[in-house]
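Taken from TrEMBL as is:
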DOMAIN    A:1-493  domain 'Cytochrome oxidase subunit I profile'
TRANSMEM  A:12-31  transmembrane segment
TRANSMEM  A:51-74  transmembrane segment
TRANSMEM  A:86-106  transmembrane segment
TRANSMEM  A:126-152  transmembrane segment
TRANSMEM  A:173-197  transmembrane segment
TRANSMEM  A:209-229  transmembrane segment
TRANSMEM  A:249-267  transmembrane segment
TRANSMEM  A:279-306  transmembrane segment
TRANSMEM  A:327-347  transmembrane segment
TRANSMEM  A:367-384  transmembrane segment
TRANSMEM  A:405-425  transmembrane segment
TRANSMEM  A:445-470  transmembrane segment
Amino acid sequence: MLNSRRLILAHFWLAFGVFGLALLLGAWQMFVRSPLQAWISNPEWYYRSLTAHGTVMGYVFPTLVAMGFGYAISEAALKQALIGRRWAWAGFWLIAVGAVTAMVPVSMGLASVLYTFYPPLIGNPFYYIGVVLVVVGSWIWVALMSINLHVWKRDHPGEPVPLAMFANVAGSYLWAWTAVGAALELLFQIIPVALGLRSTIDAGLARVFFSWTLHAIVYFWLIPTYIAYYTIFPRAIGGKLYSDPMGRLAFILFLVVSMPIGIHHAFADPQVGAGFKFIHSAFTALVALPTLLTIFTICATAEVAARMRGGRGPFGWIKALPWSNPIMLATALSFVMLGFGGAGGLINMSYQLNTTIHNTQWITGHFHLIFGGAIVIMYFAITYDLWPHLTGRALTSVRLMRAQLWLWFIGMIVTTFPWHWVGILGMPRRMAFFDYSSPALAADAMSVTMSAFGGFILVASSILFFAVLIQNRRAPQAEPGEYRFATAIHPPITLPAVLNGHALWIALMVGLTVTNYGFPIMQLLVTPETSVPAVYVGAEK
Amino acid sequence: MTSSPHIHDDGAAVAARAERRWATLSIVIIVVIAGVAAFAGIHQATMPQVRVETADPTTLHIGGEFVETNLGSAAEPDGTVTVRAIGQRYSFTPQCILVPTDTPITLRATSSDVVHGLLIQGTNVNTMLVPGYVSVLTARFEKPGEHLMPCQEFCSIGHEGMWARVKVIDKAAFMNMTSNRRRLDCVE
């Protein structure tokens, strides 16, 4: 039951539209800093492009996917027409207007500060105001998800909340709270300075606020992908989910422990002491737990489905899986990238190993593999799965979909593996130019060239993706039937309140954030004379 | 469910047992990883700086430990070497840092304008430079040689040009040089 099809389609089209543009910028960046291109005449172009790429890919694209998918989940899983559709459209338009407001000064070169802001560099105020509008638009979605679940619970007392909706609402709360860090930084620190009301800013405090957002935002990007693992993948391969409560536990763990760990982004920072760095490092190890649980549950789900299809042997059952199904393929490729990316993440979480790769190209390689690879390939899968229900037309070209997914996977591996490697060699990130004629950098030339070709493969994959969606517009109308999510082998009949609601976990999330961030923030607030003069970009030209 | 409740319960029990075993193993893996990190930290293999120190970037050039004449490498009475450096758009001072082999080195550095960072290639020396705060870290170089030291954080449009060098020389030669110069560097 998808009543709000136009609303959901609008979110997906805008998401993938901006994604396509930002992807082109990314590929151009890979090209200009590789040995394929001689000195770029104005390095400012590179940082302008990098700011746009990061802002769109980090704040606009995944937010729109989570929102569009969230509305679909609310209607299909709860079998209840969306409450507050007008508000949902208001949220959508706030994001569209916010994205344009932010991108105008960026494209004019007035806000080349990168999506991480990092004051005392200060850009045009409209850049930051645009980002705030995007976040406010997404908060409308958070409220709507909460209200829709609340109404459903009132009408269905004691019934288990469908797993997809339970996870979707957990993801929305995670986003609402993690965005607070950057919101505090923008509203109380950066925007007053950008507007000229103040001329100094505490750069260390700003970095702590930003780390509050910067790590958990990754799990906000990840939640739609995990929802697809648990509630689309089992149904798509003709099976059932191995365990429903374990899925709930995984999402609960993300909600609770993805927040109080962000200071691992500040391991090399002077404004946080050793104690809290250690605490955040230990909590970061904990966030591997929901992923380890998920790997088990999803692999077990696949094995049960394969054995039902006649698969035999300790590993022979893998052959019996429906490999021609794009969802099967996307999930398997996503898992491979999640495995490599997760292993890299375990390296980043420890202070000791992080010192070797901190702020090198390893880091960019790492988050492109996890986000651009493992997560985004499932955004494609979600789109393919949902699309016929949104357009009322079948997706006919399964081969094209498989080719697109393979190309995305190959492109990501070719891009990110050499990227990790040059990071280990000590190549710093976010530079417009490298002098490969220097003997110390000559060793990086080959790897950077490979990465650039990986970027071109990704662009080719995205062209196929749009081709699939455009072909769908010309396909004959077909009634896709009800959109449904996977059921568990043993569906829950009743659930304890803690597995059926979010209140306790929100309390823990807020409580752990206060204990793990409260002291470092208070200490910086009371330390005198830490504010430094702002440096306005674009002012020196 | 068409299967009898009895068979259903058995299957559920087997599934739950497998799941519990995996969850236990996962927790053990995580405890071991966090334990190894804690062990390495406590044994000082690498430790972040313990205290937070501040420095006003607007007065660095007027007085205090980061005045220009005090930058570079200084031999301390206890046999260690302290290196003081600052980052500014778009260079480090000194642009070439001179250090001896086999000597405990303490690096003290800060920024005079925006956020910078430094890493020394081929080592695990890597820190942010945040204006307003002093970054402190310790290191020891075993072999003589030269390393590149780029800025590793975006610091505006000249970031790609912000590279310095670190030259590691024999300890005896270094100590000889300290007899006639208070602060050493290898800027030519």
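Cβ coordinates come from backbone N, Cα and C, glycine included.
Within the same chain, residues 55, 59-60, 63, 66-67, 70-71, 74, 78, 80, 82-84, 87-88, 90-95, 97-106, 110-111, 113, 117, 161, 165, 168-169, 172-173, 175-176, 179, 182-183, 186-187, 190-191, 194 sit at least 6 positions outside the transmembrane segment (A:126-152) and bring their C-beta atoms closer than 8 Å to a C-beta of that stretch. Remote same-chain residues near the transmembrane segment (A:249-267) are listed as 166-167, 170-171, 173-174, 177-178, 181, 207-208, 210-216, 218-219, 222-223, 226, 230, 276-277, 280-281, 283-284, 286-287, 289-291, 293-294, 297, 348-349, 351, 354-355, 358, 499, 502, 505-506, 508-509, 512-513, 515-517, 520 (criterion: CB distance under 8 Å, separation of at least six residues from the stretch ends). Same-chain residues lying 6 or more positions outside the transmembrane segment (A:279-306) and placing a CB less than 8 Å from one of its CB atoms are 219, 226, 229-230, 233-234, 237-243, 246-247, 249-251, 253-254, 257-258, 260-264, 267, 317-318, 320-321, 331, 335, 338, 342, 345-346, 349-351, 489, 512, 516. Across the residues of the domain 'Cytochrome oxidase subunit I profile' (A:1-493), the predicted structure has a mean pLDDT of 95. Remote same-chain partners of the transmembrane segment (A:209-229), defined as residues 6 or more beyond its termini with a Cβ less than 8 Å from a stretch Cβ, comprise 58, 62, 65-66, 69, 73, 116-118, 164, 167-168, 170-171, 174-175, 177-182, 184-185, 189, 250-251, 254, 258-259, 261-266, 287, 294, 298, 327, 331, 334, 367, 370-371, 374-375, 378-379, 381-382, 385, 513, 517, 521. Within its own chain, the transmembrane segment (A:367-384) has Cβ neighbours under 8 Å at 12, 16, 57, 62, 65, 69, 218, 221-222, 224-225, 228-229, 232, 326-327, 330-331, 333-335, 337-338, 340-342, 344-345, 395, 401, 404-405, 408-409, 412-413, 415-416, 419-420, 458, 465, 468-469, counting only residues six or more beyond its boundaries.
Long-range contacts of the transmembrane segment (A:173-197) within its own chain (CB-CB distance under 8 A, at least 6 residues past either end) are made by residues 63, 66, 117, 119, 122-125, 128-129, 131-132, 135, 138-139, 142, 146, 205-206, 209-217, 219-220, 223, 254-255, 258-259, 262, 502, 506, 509-510, 513, 534.
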